[in-house]
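These come from TrEMBL:
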DOMAIN    1-104  domain 'Response regulatory'
DOMAIN    119-189  domain 'PAS'
DOMAIN    233-308  domain 'PAS'
DOMAIN    318-369  domain 'PAC'
DOMAIN    609-661  domain 'PAC'
DOMAIN    662-739  domain 'PAS'
DOMAIN    793-862  domain 'PAS'
DOMAIN    865-917  domain 'PAC'
DOMAIN    1082-1274  domain 'Histidine kinase'
Amino acid sequence: MAETKLVNISSGFEVTAVGAVEAALDLLVTSTVDCVVTSYSLPDGTGIDLLDRLQAEQYEIPTILFTGRGSERIASEATQAGVSDYIPIHAGENSFELLGRRIQTLVEAARKQAVAERLSDRFQRTLERATDGIYAVNDEWRIEYINEKMARRVDRNPDDIIGASIWEEFPSIVGTELEDKYRTAMETGEPVSFEQYLGEPFDYWVEVRVFPDDDGLTIFSRETTAERERELELERSETILENIHDAVFVLDDEGTIEFANAASKRLIAGDQSTQIAGQQLETVVGNRISTSDTEQFTSAVRSTLNDIEGDGGVTGLYDADLQLDITAEGDKRTFDVRVTPFQSNKSNQALVVARDITEQSDVKRQLERERDALRELQTVMAKSDVSAETRLQELLELGCRMLDLEIGIVSRVQGDDYTVKAVHAPESEIESGDQFDLESTYCEAVIGTDSVCSFADAVADGRETHPAYREFELESYIGVPLVVDGTRYGTVNFSSPTTRVDSFGALERTFVKLLSELVSAEISRGRDHADLQRQEFLFERVQDIADIGVWEYFPSTGALDWSDGVRRIHGVDDDYDPVLDDAIEFYHPDDRETITTAVERAIADREPYDLDLRIVRTGGDVRDVRAWGERVDEPQDDEPVIRGVFQDITERKAEERAHRELAEEYEALLDTSGDAIFMLDVDTAGDERAFEFARLSPGYESQTGLTTDEVRGQTPREVFGAERGAELAANYTRCVEQRAPISYQEELDIAPDARFWDTSLAPVMLGDEIVRIVGIARNVTEQVKRERELETTNQRLESLIEATPLTVMEIDTDGTVIRWNDGAENMFGWSREEVLGEFNPMVPDEQQAEFESHRQRALSGEPIRGKEIRRETKDGEVLDLLLSVAPITAPDGEITSILAVLEDITDQKQLESKLRSLQATAQRLSGAQSSAEIGDIAVEAAVDILGFELTGIWESANQADELVPLTASAATRELLGELPRLESGEALAWEAFEASELRKYDDLQSEVTLGKADAQLRSGLFVPLGEFGLIGVGTTQEQTFSDTDVDLFQILGATVEAAFTRASRETELQRQNERLDEFASVVAHDLRNPLSIAIGFLDIVEETGDLSYLERIEAAHDRMEQLIDDLLTLARGETTITDTKQIDLKTVTTEAWGYVDTADATLTVAEAVPTVAGDAGRLTQLFENLFRNAIEHGGDAVTVTVGQLDSPDGFYVADDGDGIPPAKREEVLEHGVTSTKGGTGFGLSIVADIAKAHGWTVRVTESTAGGAQFEFRY
């Protein structure tokens, strides 16, 4: 049935029906099937089983489960089995038409998928065969595809990175230009191509083409590393070729230049920028090469090109090598030219390489010169029959020839002295022995750097200002240090008055160094020869002068040799030939055994001897001698020899005896003297004089604590330390050098009370030799301490004088200034140089008499203390000064000068003047009658006295949060126009008023809160005037207000505040006086009613004689008395009620109504009026005034009502009159306020005072009838 229905639906269906799962699978193997439709129930299973088998065997074919057993379970199983569609069969629906449509849809989709997959496979194979690396990323930068080429390049498995983020997989490209390009392409949708080097881990160049689409990017990447390296190698080769010094060019077989590098252009054409390619070589070179060399070169090129044809272009490195001379840049240069053949696409060509070997030729010639010079050096040094001076001159002459210079000098440099020791200068007047200052020679640089110095052109080397150039016009120079026997001797130098063509190279520098060594050796050899001659001479002289001689004795032969000195000591002739026995016979009989034994021991035991003995000369006189001898075994001799020295010490022995005698005398002096005496032995034999303590006197020991035993044989350094000992030794040396007594003061840290000494030294001489120093020291420690304390005091005084701001000056007796401190310079403007040695500059002619009076008083010994004077400064400013003068006396009491101290009290005087002016201002303010007058006086004082041009005053307004302008200075009005009002929180001035404290602002513009006036000012000072207002000053430039400015301004502010207080108090007193007048009227007003009542009843009594009316009269009198007491209490301010009773308001109101002239007025008292605690009399007065006020303002027919408030804590009094306007309801309760002509203004104020005395509050409002209502609460 299914087959029939499907065919009826569409003839395009070809349906094959099978009945089981296995049959269906077999059909799929043997036939082409586009779609599988299965029911759920099958003979060998279910449709789900068939779907599972199809999925397991990976059949890519559409499947439909078409069943009448539809359920959610079956649908779920089918979906899990991979069914393409699930169609349940429903009664009443044409399910087969739906099946047909779904089959068509699924088959068409499957065919399209297959086509797409085939195309994708084909595209995939195409991409895989591509030579570029290709990969694609989606718009989320995840890798969707990568071909094998790209995968191998990045060493990744495609399956591992598909779906991964390109930035996470390849973090090394993050932040590179490649990332920027990719993101730009993604954002703009525009393709982009570029080259990029990828660093580690890739390390290669790539050419990248990026193609964006809706889904992401497709990237083609071609590695170009090899191409880049070839390009770089080519660039390097071209760069090398263009920059090498060798000339390289190519010639064709016609002699045309095909290529030439920069060196070739310079060589051939003489200009690197010239284009010579395409030109004939012969034309370009012209006549700068000789004909023979041209022919030689042409032949070599022709031969090279012919060889190409003969051997097919196979050649060695080059076929021709020749040397040519070419004129280049004006000089003839020698070139080594090599010609090499090669073939190009065009023709056979010859590569020519030419290298400049001119320098090599020059070097070769130079080497030959140097070899000749070295041979000449050897010849000069080998001469043995010339003097050292001649050899030095020959060496210098050779050096001049070698270096091509005219002057050669060997110099001796000692400090700044330059001496010519040897010279070769045939064209110059310089001679051996000439001396110069070292700094005037070029050798100064050689000595300073201790190295070879040279230059071929003095001007080019910047030496045109050097003395050697200016005085001797030496243009070229080379010099080398000369060291002889390890010590710097001087220099060997060569110079010339002409400029050297070539600069000095390494060879010349080496030559002069070698020459210096030879000169050094020659000088050293000359020194040695001179030393030997000098030693021989000195030995002869020593024997003559020192009475010394030498001798030798050969025991094996008995031979004895005496020098001439030994013969002279013995007093024998020069031809005397001694033997040992005769020599011993010369000794004193008492010394012969001693000398015999000493000689025998020296021979036998090698024991040397040194003996003081005596000989008897042939003339019989006895001489003291020193005999010294020892055995010497010479290597070249087989037998021993005794050698010795023999010296006549007769004079020394006599001196020693005299020394002993002198020492005994000094010993006696030391033992008996109480002075601090010390003796030092002096040794002048060495290079430095040596001093050792020999003896201290008992006085020295007692004063210093040192003893002879402690210091004997010790040097000053050993006794007193290295530093102090060196100072002592220096003094002792000075005594020896001067050979005369000296005196000085020294410091020896021996004891606190023995530190400073006045010391005298005297040399002790034996003959011409100083053998001892005697010193006498006097302890002056206390004196030195006093002097130092005095010096310290003087130094402090000097420091004080220089540091004080006061003028401290000193004048001599003639009035000339001899001291002028820094304070004087600062105060008066004259410097020390202008004043010292001149007459006092600050004294004008008109004050000379005053100055002379002061001077005479001081010269008479009378000091001056604190005298006020006036003097002018150098600039003409007049200063108020306080003068103090004292005479200075010499030790003999004579007055030598006058010391004056001047204190500048100008500011103080100005302050006093301002204070006096402020005091006068206070007096003026005390008479001021109004705020405006006070303000004008205050502003005038601020401007004229304190110098504040910009001044303004504000006064407190009726509102508590505002200050209104009162007055201002003319400068302020000119700057600001009118002073602005100051409102709360709007200005710095308000802050000062609100804080009730002075505020100072040196820089207003740095403040946050600025008012309108503040914006035009730079500095400001504000002082509150208590509750009355504020006074302020300002400046248009930034100014720092001094403490004096602030203090004076505060004084002015306090004075102004006091004036406002006084004026306010006087105004208040005036108001009080007016109130007293009004109070009298009130008293009369309040007493009039009871008095009228009393008078009226009194008339009735008189008329009727009815005495019962006397009670009414008495009651009126009592009322009057009570009113008087209450009014007095009110006048005195005694408003507190202390004694209260319970008062029925109805009774009190009725009584009060009776005291008032009520005319036609009506009183209504409510039934429920309360009972209150109070004073009946006061309450009666309260109601009287309320009733009277109602009648006065409400008319004769007014109705007055007294009743209880809605709350039980109060009552009210109301009328039906005109009422009181709301704006005046508070002020009507104040004293003196009235709205009626002739009113006192005290009626309602008395009501308020009585209520307050009871502790009640009063509120004025409107009654129900439109009149006034007074509400009382307690």
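Every residue number used here counts from 1 along the chain in the order it is shown.
Here the Cβ of each residue, glycine as well, is placed from N, Cα and C on the backbone.
Sorting the domain 'PAS' (662-739) by DSSP state (H, G, I as helix; E, B as strand; all else coil) yields 44 helix, 15 strand, 19 coil. Helix, strand and coil counts under DSSP for the domain 'PAS' (119-189) come to 41 helix, 12 strand, 18 coil. Residue counts for the domain 'PAS' (793-862) under DSSP, split into helix (H, G, I), strand (E, B) and coil, are 37 helix, 12 strand, 21 coil. Under DSSP, the residues of the domain 'PAC' (609-661) split into helix, strand and coil as follows: 12 helix, 27 strand, 14 coil.
Helix first, then strand, then coil: DSSP counts for the domain 'PAS' (233-308) stand at 42 helix, 13 strand, 21 coil. DSSP labels the residues of the domain 'Response regulatory' (1-104) in these numbers: 47 helix, 16 strand, 41 coil. Secondary structure of the domain 'PAC' (865-917), assigned with DSSP and counted as helix (H, G, I), strand (E, B) and coil, comes to 12 helix, 30 strand, 11 coil.
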